[in-house]
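What follows is a set of notes on a single structure, which appears directly below.
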Amino acid sequence: MKVIVLGSSHGGYEAVEELLNLHPDAEIQWYEKGDFISFLSCGMQLYLEGKVKDVNSVRYMTGEKMESRGVNVFSNTEITAIQPKEHQVTVKDLVSGEERVENYDKLIISPGAVPFELDIPGKDLDNIYLMRGRQWAIKLKQKTVDPEVNNVVVIGSGYIGIEAAEAFAKAGKKVTVIDILDRPLGVYLDKEFTDVLTEEMEANNITIATGETVERYEGDGRVQKIVTDKNAYDADLVVVAVGVRPNTAWLKGTLELHPNGLIKTDEYMRTSEPDVFAVGDATLIKYNPADTEVNIALATNARKQGRFAVKNLEEPVKPFPGVQGSSGLAVFDYKFASTGINEVMAQKLGKETKAVTVVEDYLMDFNPDKQKAWFKLVYDPETTQILGAQLMSKADLTANINAISLAIQAKMTIEDLAYADFFFQPAFDKPWNIINTAALEAVKQER
């Protein structure tokens, strides 16, 4: 069996690993359009801040190691078209320009997503950067130590934008974050959390300019200013982090796509064409808290999808179990994590929810290491089933969110969670874990 895998990031990499595990005798061809195999953009902040010294180490696997395991690895090589009826792909060598046709028995594509860029006046000025991929990582790193870069403007206040803002603030730059939304990280966290994080960022030389729309860039050859509908900001460097779009324009007319360009797949990762599977950021994914399909661009999601595509390669035997959309991030001294439904997602889905928020020290009063923690538990008011949670502290409590992710997947209720068994040791916790405490408050709220 000959299997072709497109994409060397999260989903593609995991598909290759699972192929080696379940189909060791398969002929595997692994294609990457770029010149570098398996770069992890989610590790870029560690490199920009100098915690990781070698940009080439920010990866899952080298092409050489995969070659030694029997995989035929092709970098600088683009699959430009699929001919599903013939079980063929058109392949272009981006160095030589030569094209060829490759046959396949099975095809797994993980085309990913590409960053949105603002189509506004001045967009062609120099020093307007993106934050995705190895080449941009190298360019951004150079700017962290460039003495001519003093004012950095980040457009977008999601995870990528906040990572960029923190990296440049730590490099001693004056940073402004602009977003059309009314608060930073508003897609991931509710207001009681983002209020605290906004104060933390402002205390670290970051200006938060939310509720503003960028209208144009200004400059002479290179960007010097950003103008919004409300203000103007000096800018020696602009980092655009306003989301992504699926890299699927080349698939129109070949595979069935949703109106937004995402690839239609079933619960076995199969596309509309036989023997063609799709995974990762260019697909929808089963979202357990709302029992629906949404697009959640997370590495963990793509990795699991890659594995399940291979499990179902020959027969549809393992339906994808779904995800809760769990994620986390550090913002200077604060660490937070979230899973499932928050207020923004509930409104988007039209789902009624109730919630309780607990703010307390996570250790006993006598423990000098105690730190304040914020925990919000979201549940269904009719069934009392757990739907989501958010957690934040200067202590790293983020792993606790994994318990809530499991609770959502297991369809646990607030009553189940209130008396769930968590260990107690004064150096690590309190007799009632903050998860228990929040669930108990929810039970009281429903009496």
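Every residue gets a Cβ built from N, Cα and C, even glycine.
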According to Swiss-Prot, Gly7, Ser8, Ser9, His10, Gly11, Cys42, Ser110, Pro111, Gly112, Ala113, Arg132, Asp281, Ala299 bind FAD; identify which of Glu32, Glu102, Glu273 is listed for that same site. Glu32
Matching residue for the NAD(+) site, where Swiss-Prot names Ile160, Asp179, Gly243, Ala297, Gly328 - out of Tyr188, Tyr233: Tyr188
Would you kindly give the Cα-Cα distance separating Ala113 (FAD binding site) and Gly243 (NAD(+) binding site), rounded to the nearest Å? 9
Taking the Cα of Asp281 (FAD binding site) as the centre, which of the recorded positions listed as Cys42, Ile160, Asp179, Tyr188, Ala297, Gly328 lie within 10 Å of it? Ala297
In terms of DSSP three-state secondary structure, what is the assignment for Gly328 (NAD(+) binding site)? strand
With H, G and I counted as helix, E and B as strand and the rest as coil, say where DSSP puts Asp179 (NAD(+) binding site). strand
Among Gly7, Ser8, Ser9, His10, Gly11, Glu32, Cys42, Ser110, Pro111, Gly112, Ala113, Arg132, Asp281, Ala299, listed as contacts of FAD, what is the widest Cα spread in Å, to the nearest whole number? 18
How big is the gap, in Å, between the Cα of Ala297 (NAD(+) binding site) and that of Pro111 (FAD binding site), rounded to a whole number? 12
